[in-house]
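Per TrEMBL, substrate binding site is recorded for 143, 144, 145, 146, 147, 174, 249, 250, 251, 252, 253. For 281, 394, the entry in TrEMBL reads Mn(2+) binding site. Per TrEMBL, the feature disulfide bond maps to 216-230, 303-306, 354-377, 359-463, 398-407.
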């Protein structure tokens, strides 16, 4: 009887202690959250000063524009960093004349020449500092267009990540810009390479893959297109529309860069590790590489069928206290798992064997096309391990699918900085282990009708040609 009473008391004490511990943890987290809110309110959260204050001083160089045009346009100026000359101000007429060498952007012929030179050289910057690429190291591939402001913040976030010095950071460009090149070549925290998509609209403005003068207008009826004999008149998309070059380029660029990295670059010839895909308007947490390595190690016991690891999810709110160390597994879904995802050469080889499914599917989106490949062609479907507390965030307010009034808004950048500060201060980053959670019941992914924009036979042929190995 006494032993039962003692056991009862011990269980009661244990449950009481557990409850007190949980309450203290909850209060501590709420305290940190409220303290950060107070600190954030001291300075306008999305002001340039507040954003700059969240970045270590040694990294300010990546946020400070040094435009060759001596202009603020497109540079994402922070805190008056750009050079401003106000000729209309009082006294300007009597001021000493200041002369600059006028910057002349390269013409198309020069851009093409530079692209060939870069792609032939395959130069790896900083290799003398950080050593050659190890076969099992992570390669990060960033698809870059023209949004240099977002790219600056992505670079700052990458610079603060643990073990970033071990990666090869590849920037894949579909627009040649000297300011962007200067920014990328300024990176000093890891090995860096630039590759340039050679079939861009920029380098082919008046011919395919750009806009040929004889291309069929988007909304022309097929009967009228046949009468006028415009290009590709026989093949509108499944909605009756004709090709728009600005929308087709992203899909072409994605398949080209993947094939370039896995099948053409000398530095990656024997690479067996993960390739992580990012875009210019992403932002990473400082433990994203740490978590990626942990996920890779746990695939054998948590998800043997997983061939994709995903670090980003599209969430409006982020609860690191609950989800910082939790992962779930499910079939790869293009609309949910296309941000900050990684796979290895084996997975890519299987995708490339299904190139015809990718290149002829009537959808201008690369991610929808990839899901079509998974559903219709791959013997081993794309199956993903997804981190519940995201380590890759989307900060872009404007792009192919989004057209906001303020395309240089700092609001999302500020929000992500704030979320990561709370996670850091409450010790929610760098978890010691991962826990697999059971996802909520998902509907079986149906075969979907494509979004169109990809009916042109020229796009099918170009895409297929870019998946051919050249070595």
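Every residue, even glycine, has its Cβ placed from backbone N, Cα and C.
Keep in mind the model is a prediction, meaning the values are calculated, not measured.
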So what sits near residue 251 (substrate binding site) in its own chain, CB-to-CB under 8 Å and at least six residues off in sequence? 364, 365, 366, 369, 454, 463
Rounded to the nearest angstrom, how far is the Cα of residue 253 (substrate binding site) from the Cα of residue 306 (disulfide bond)? 26
Cα-Cα, whole number of Å: residue 377 (disulfide bond) versus residue 143 (substrate binding site)? 26
Among the disulfide-bonded residues 216, 306, 354, 359, which residue has the fewest other Cβ atoms within 10 Å of its own Cβ? 354
Candidates 143, 253, 281, 394 (binding-site residues); nearest Cα to residue 354 (disulfide bond) turns out to be 253
Does residue 249 (substrate binding site) have same-chain partners at least 6 apart in sequence with Cβ under 8 Å from its own Cβ, and which are they? 174, 200, 201, 209
Argmin Cα dist to residue 359 (disulfide bond) over the binding-site residues 143, 253, 394 returns 253
Compute all pairwise C-alpha distances among 143, 144, 145, 146, 147, 174, 249, 250, 251, 252, 253, the residues listed as binding substrate, and give the largest one in whole angstrom. 19
What number of additional C-beta atoms lies within 10 angstroms of the C-beta atom of residue 145 (substrate binding site)? 22
What's the CA to CA span in angstrom from residue 147 (substrate binding site) over to residue 281 (Mn(2+) binding site)? 8
